[in-house]
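*Asks:* Structure below; questions to follow.
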Amino acid sequence: MPELPEVETTLKGVSPYLKGFIIEKIVVRNPKLRWEVSKELSTFKHVKILNLTRRAKYLIIHTEQGYIIGHLGMSGSVRIVPHDNPVNKHDHFDIVMNNGKLLRYNDARRFGAWLWTNNLSEFHLFFKLGPEPLSETFNSTYLFKKSRQKSTALKTFLMDNSVVVGVGNIYANEILFLCGLHPQKIAKTLTKKQAEQLVFTIKQVLNEAIEQGGTTLKDFLQPDGRPGYFAQKLLVYGNKDKPCPRCGTKIKSIIIGQRNSFFCPQCQKK
């Protein structure tokens, strides 16, 4: 599933082909995604794109006619291709530009979304989102305070979008390993020093993943079709029964919150 670094990589990849250019039209081949594609998007003709930003795992396209909000879902990806590029299976959505290019959304599982709003501050899917992990707002004081009343597993706590956005399953595993913290540790037992270490490591891991173009495990590709290379640096995720890169103990896997969790029982004692 594309996580924050993959969406940031997508944002950087598509921006040069969209920002400042004109949308000639939007083609919707299958409106039935996770939420039905907003009908307003079919009315877009000769609309200028002003900017592109990201909120959590949502891609936001700022236009003269409001905001186009995209989410890649479980297996979605976007590519920049020429107008005459053949349409493939699962190509559900195109933003056709006036520069000979188009943004094409492909999603086999149809669990993504393309929505519209004229007011970002009132967009319902953003109401309960926590701070961006790479922002100054997300600091150790905030994380420590937020953890005080939480009896959930630390990994579940970090993946809660109301606490902080964008720390998905892959990166949560890597972050906890680097911090030497067991994924089942109860969040409210976190010390101030551990909160400081977590915040530092979250920022470090996500920044490095963005620099590497995200993580390609199955479905994600960068907008130019290249894979993300952070997968080559994964220390514990997907490495069950392989030796820990630090101590040689076999990596274990357990289910936490219906997600596979990988850890070293020696380096990450409960």
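Glycine too: its Cβ is placed from the backbone N, Cα and C atoms.
Annotation comment: Swiss-Prot describes Pro2 as active site, schiff-base intermediate with DNA. Per Swiss-Prot, active site, proton donor is recorded for Glu3, Lys57, Arg259. The DNA binding site feature in Swiss-Prot is assigned to His90, Arg109, Lys150. According to Swiss-Prot, the zinc finger annotation covers 235-269.
Describe each of these features in terms of where it is and what it packs against.
*Replies:* The Cβ of Pro2 (active site, schiff-base intermediate with DNA) has 26 other Cβ atoms within 10 Å, all protein chains considered.
Neighbours of Glu3 (active site, proton donor), defined as other CB atoms within 10 A of its CB across all chains, total 23.
In this structure, Lys57 (active site, proton donor) belongs to neither helix nor strand by DSSP; it is coil.
DSSP assigns Arg109 (DNA binding site) to coil, not to a helix or a strand.
The average pLDDT computed over the zinc finger (235-269) stands at 96.
Its Cβ taken as reference, Arg259 (active site, proton donor) is surrounded by 16 other Cβ atoms within 10 Å in the chains shown.
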*Asks:* Around the C-beta of Lys150 (DNA binding site), how many further C-beta atoms are within 10 angstroms, looking at every protein chain?
*Replies:* 17
*Asks:* Which recorded positions are spatial neighbours of Glu3 (active site, proton donor) here, meaning Cα within 10 Å, out of Lys57, Arg109, Arg259?
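*Replies:* Candidates kept after distance check: Lys57.
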*Asks:* Count the residues of the zinc finger (235-269) that DSSP assigns to helix (H, G, I), to strand (E, B) and to coil, and report the three numbers in that order.
*Replies:* 0 helix, 12 strand, 23 coil
*Asks:* Looking at the active-site residues Pro2, Lys57, Arg259, which has the shortest Cα distance to Arg109 (DNA binding site)?
*Replies:* Pro2
*Asks:* Of the recorded positions Pro2, His90, Lys150, which sits closest to Arg259 (active site, proton donor) by Cα distance?
*Replies:* Pro2
*Asks:* Provide the three-state secondary structure of His90 (DNA binding site) computed with DSSP.
*Replies:* coil
